[in-house]
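Engineer: Right, I'll just put the structure down here and ask away after.
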Amino acid sequence: MQRADSEQPSKRPRCDDSPRTPSNTPSAEADWSPGLELHPDYKTWGPEQVCSFLRRGGFEEPVLLKNIRENEITGALLPCLDESRFENLGVSSLGERKKLLSYIQRLVQIHVDTMKVINDPIHGHIELHPLLVRIIDTPQFQRLRYIKQLGGGYYVFPGASHNRFEHSLGVGYLAGCLVHALGEKQPELQISERDVLCVQIAGLCHDLGHGPFSHMFDGRFIPLARPEVKWTHEQGSVMMFEHLINSNGIKPVMEQYGLIPEEDICFIKEQIVGPLESPVEDSLWPYKGRPENKSFLYEIVSNKRNGIDVDKWDYFARDCHHLGIQNNFDYKRFIKFARVCEVDNELRICARDKEVGNLYDMFHTRNSLHRRAYQHKVGNIIDTMITDAFLKADDYIEITGAGGKKYRISTAIDDMEAYTKLTDNIFLEILYSTDPKLKDAREILKQIEYRNLFKYVGETQPTGQIKIKREDYESLPKEVASAKPKVLLDVKLKAEDFIVDVINMDYGMQEKNPIDHVSFYCKTAPNRAIRITKNQVSQLLPEKFAEQLIRVYCKKVDRKSLYAARQYFVQWCADRNFTKPQDGDVIAPLITPQKKEWNDSTSVQNPTRLREASKSRVQLFKDDPM
């Protein structure tokens, strides 16, 4: 078969003085690269395709081809063949074996040359399959370059300038690492190259649905702008992936690389968001993309069972790198010891028993990142201010979608053509606008630029089993403003002067211990799954795995208003029987002594010194001209 010019491999300059191969030898003249009738990825070939490839190279010995079929030599095994294996397959001549080996090595080299290599600051040099590159080079994926990974956190941590784009590349890479490792350790799992490619695509595309400033958009803005809509960025990712596939002609490319679009697109979506349809009965396997014997594949990108997945591994490493925080979790070690075992008639990814402590450390790392960075008190208030600005601008921003239809910031999620155009750049569009209708939104963003932020008042927690319900969040500012501090104040504050931010901190599964949902195996019985309870690990592990933090901010920033806001806040904490703010005795020394539970006999504070501090505090504000 004669190749088209576009398919000719580029010739490299010779680096030695050896004579050229004579033109009548198969290794020089034969068409040894994949032809039009063969799949471009040799790893997808079965024995018949391997035989076809060898015949085209001039290797037509019946014994060789017969042994290839009988031994079921597939394309994936070609790089593993050496001279001794060829001899066993019936190639008796040493010269022929060398020619055959050279022929196959050229094929492998061509395949390697088609892989794109990028240099990632976290994972080093990453190889990307041509299909992944085709997906990356689309407007829908490139959009992720313009969405900050940590939203308003960049205004607090100057190194946190990374975006969803590079995180998505990292997750796609790690997904491939884990699924390849499982396949190599356990060939009986029959993980195909098609499975590998689908898992990598799911990792690559899992965050396509994020909006401006990442979690600020789906966690703060959408619930306020459209409270009737229960929308998540995972749902957005599935919709955007569908749009990416259809608008860029990706289905034929998927078929070219051995995928079956009808099944595999469904499988990729299910890995991102879970089952697309609820099963009729609980006992039924809820997924359509892969059968139950491939259930473990659904635990790689987004693990709904226990939260141990490659998404976390990448953002732990990447966020810590950019934040300047130490990452204590080693995902490479987890991959080394990961194994698939049968648990409750399902195949699940299990960890080695000795790794249980490291997994607790992983969830502790997650909690620590939330405390130190993701829920930083200044980062959160910047997210809140950006949300306020977007809400004020929502009615006046127009984004063109399919068919020329116009959408607002909050409704762009209904049309993926419009949503593709919605990124962090909307911040600058509002900030630099001259439209009088955007004046209020513009002023809020200017305050962020000038660092005139809403002021942090304090933090508290509910006591006992009490938790503030989500439906009560909206009424909390009014509660704070209704608290009547038993001190003389120069100003009176209203509900609209306060912002109350409720933060739910946990190990990823609300009150549950995620390790209770992890299966382990031991060295002596690697195919038998076991459970390990918390008490079997250490007596120093957490008793509770969730807590609620309540932070109060004041929109007024003058000193008298801030002093009043702190008195309102501490009084509210006392009225609601919340914990005493850590600096309560300093910011409200006349209020904290009135709460008996806050001043038990074990307190190390000196009452006399506390009274003196109170007098000093009152005197300070009394004489202050303000």
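Glycine is treated like the rest: Cβ placed from N, Cα and C.
Predicted, not measured: the structure shown is a model, and the values here were computed from it.
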Engineer: Pick from S93, S247, S538: which one does Swiss-Prot list as phosphoserine?
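Structural biologist: Swiss-Prot records phosphoserine at S93.
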Engineer: May I ask you to find which of V156, V480, V487 Swiss-Prot records for the dTTP 2 site already listed with N119, R333, R352, K354, H376, K377, K523?
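Structural biologist: Between V156, V480, V487, Swiss-Prot records just one in the dTTP 2 site with N119, R333, R352, K354, H376, K377, K523, namely V156.
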Engineer: Among K66, K534, K615, K622, can you tell me which residue Swiss-Prot lists with the annotation SUMO2 cross-link?
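Structural biologist: Record annotation (Swiss-Prot, SUMO2 cross-link): K622.
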Engineer: Using C-alpha atoms only, work out the spacing between K469 (SUMO2 cross-link) and V156 (dTTP 2 binding site) and round it to an integer in Å.
Structural biologist: 29
Engineer: When the Cα-Cα distance from R366 (dGTP 1 binding site) is computed for each of the binding-site residues D137, K377, K455, which gives the smallest value?
Structural biologist: K377
Engineer: According to DSSP, does K116 (GTP binding site) fall in a helix, a strand, or coil?
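Structural biologist: DSSP assigns K116 (GTP binding site) to strand.
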Engineer: I'm trying to understand the geometry here, so how far is the Cα atom of D137 (GTP binding site) from the Cα atom of R164 (dGTP 1 binding site), in Å to the nearest whole number?
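Structural biologist: Given the Cα positions, D137 (GTP binding site) is 15 Å from R164 (dGTP 1 binding site).
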Engineer: Other than H167, H206, D207, D311, which residues of the same chain sit close to Mn(2+)? List them in sequence order, counting a residue when its Cβ is within 8 Å of the Cβ centroid of the site.
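Structural biologist: Apart from the listed residues, the neighbours are R164, S168, V171, G203, D314, Y315.
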Engineer: Taking DSSP as the reference, which of helix, strand or coil describes H215 (dTTP 1 binding site)?
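Structural biologist: Once the DSSP labels are grouped into three classes, H215 (dTTP 1 binding site) ends up as helix.
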Engineer: Looking at the recorded positions Q149, V156, H215, Q375, K467, whose Cα is closest in space to that of R333 (dATP 2 binding site)?
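Structural biologist: That would be Q149, the closest of Q149, V156, H215, Q375, K467 to R333 (dATP 2 binding site).
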